[in-house]
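*Asks:* Below is a structure I'd like to ask you about.
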Amino acid sequence: MSSRSFYSANWYRVANFKPRLRHHTNIHRQTYRGQIWYVLQDRSSGRFHRFTPGAYFVISLMNGGNSVEQIWDQACEHLGDDALTQDEMIRLLAQLHQADVLFGDALPDLHELTERGTKRSRKKKLMSLINPLALRIPIWDPDDFLSATLPLVRPLFSWFGILLFIAVVTYASVLAGMHWSELTQNIVDRVLATENLFVLLFTYPFVKAFHELGHGYLVKHWGGEVHELGVMFLVFIPVPYVDASAATAFKNRYQRALVGAAGIVTELFVAALAMFVWLNAEEGLVRAIAFNMMLIGGISTLLLNGNPLLRFDGYYIFSDLIEIPNLGMRANRYIGYLIQRYLFGVPDAQSPVTQSGERPWFVFYSIASFIYRLIIMTAIVMLVASKFFVVGVLIAIWSVILMLGIPLFKMLAFLFSAPILRRNRGRALGVSALFVLLVSSVLLALPLPYATLAQGVVWSDGEAAIHVGADGQVVELLEQPNRRVQAGTPLIKLEDPLLASRTRILHARVDELELRYADRDFVDLTEAKMIAEQLRHARADLELARAKQNALLIKSPRDGVFIMPRAQDLIGRHLSKGQILGYVIVPDEPLIRVVVPEEEADLVRERLEKVEIRTADRIERVLPAGIVRVVPELSDKLPSFALSKSGGGQFSLDPAQQEQMISLSRFLVIELKPELELNAKEMGGRVHVRLSHGYEPLAGRIYRHVRQVFLKHFNV
């Protein structure tokens, strides 16, 4: 104990006090990461408090007969160096006092108790205003109901229930995969449609009721009590809840984790059953309800409720499995400890780490959970604002206040008024000011390289497209790409068995009509004239069929280099008339056609200082290039299939116009001329392009991207 202060100047204030725990408390022994801890349960408030074995030994002596002095003497004699110091004893008494689980030989200070209750009530109301998730309205004590109906659901908490769940959910998942395109087609518009929002509004509480019953029944199954059922407001939507905090007292961590998982398991089971209804129901209200139940119980459960980075069920499951209770708050406290101890130089800063292996979890969880919450909240705001702009803006303001404003206010209050900084306040303020100055300088003043990365293809001014002349299936590639060919050189051979049969039939028809015409020419002029007309049409059909057959042999339209991307995938593929397969180009003066996304078009037009290219086959080689032309108008027709996502590029093709290579988004086309000569093998190949805009601080780029998002999604 030489490393810490053993005595306290305030000891005389509490030395003669004879404390005792109130009757509504229980203490449970639990093990975390091989170490024993004791959890004090306050049955009147439903709150839990965790203590070390040393603190538990002290608490066990609080019987109303021992004074604090006597308790401490016994603790020192029994625990030796592990005994609490006098300051730690005072803090323990204060913690128990604040938790309303301690009383003693002195009369209670009714005024102080009233003040404390008023303060707690005021804080609860403030949290309800700040965060609608904190607003809970208790309605009913469901303990008797759950006890009476538990035998009905107890078979589900067995191997039978496990196998049933696996079978139903697995089968439903397979069905969902088979109908994935139908389920997800235009899903955002379908979910946010006015008529569906009403269905969702009434379906959500219904699914959540099953969710909460799952928690409640499993708590009862393992001997716990559930004394509170009520309604909380989740983004102003009333949702049922049950108080399953009794599971915190369970000794087995897997039991605690399974209680947390019970709601998720129940929702997934409900979603699986809804999948069967959705597949078999006709279009209408029943099918809409089933779809929304799948959405709530499936996707939202996995992304939100089951994710440990959010403070929902997944968080408590994860916390129990890794045996780090109160992970979120302690992780944030650990980051605060690191700042206080190593940046502010506070030697008395207390680390929340109590066991080995907790530090990496604290650092990872604190950072990862904050980033994930920002991502989820941004996605929700964007999704809602795209359909209901005002509501989305209100949610955004509330999110900024909740996630940034309030923590910043608390941080400033801590810097200026925290007693722990009384000796280091100057350093703390200086370090904080330096940090703000550094971040501001990086964002606002530090010029950093700024460039747009795009893709293009090596091309030529003298290009000729290779079109498919007739529908058919590719059977042979007669010339390899990237080779010189002459005009009329056969390149690709197609086959159409139906066309070949039709040609033979038409040929036989012409022969038949010619014989009939010769037979009737001098016998019956009227009939001969009719046969002649039929013969003329038959010959025309035959010529057309022969022309189509000839078109199955695709030839070079000019002299040059034969360019065709993904030629190895062509054999056996069915092609349609008019489809562009490739090009024959003149490689004497190659150009590079670059496509730049629409959101970067203005920046490229206004601030293009330098261009560098890298060919796909020699990515390590950097080549300078000059600008030949910037096409004034935006386009949606890609110059090459290689620039589409299907070809390895970044632009998605319109499913209805894939053969014409029409993109779903528009882009700017720039023609570049490389300053070094490219060889013929690089013709038609992909090129990675860096369009340099010089230097600019990060703040300007962030502002530009945010503005583009608002213009693109909200037109404001």
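Cβ from N, Cα, C; glycine included.
Per TrEMBL, the feature transmembrane segment maps to 156-180, 192-211, 231-250, 257-279, 285-304, 362-385, 391-416, 428-450.
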*Asks:* For the transmembrane segment (362-385), name the stretch out of 156-180, 391-416, 428-450 with the most CB-CB pairs under 8 Å.
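*Replies:* Maximum Cβ contact count belongs to 391-416.
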*Asks:* Ranking 192-211, 257-279, 428-450 by Cβ pairs under 8 Å to the transmembrane segment (391-416), which is first?
*Replies:* 428-450
*Asks:* Using a cut-off of under 8 Å between C-beta atoms, tell me which stretch among 192-211, 257-279, 285-304, 428-450 contacts the transmembrane segment (156-180) the most.
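*Replies:* Going through each listed stretch, the top one turns out to be 257-279.
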*Asks:* Can you name the far-off residues of the same chain, 6+ from the ends of the transmembrane segment (285-304), with a Cβ under 8 Å from a Cβ of it?
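*Replies:* Tertiary neighbours of the transmembrane segment (285-304) are 176, 183, 191, 195-196, 199-200, 203-204, 206-208, 264, 267-271, 274-275, 277-278, 310, 312, 376.
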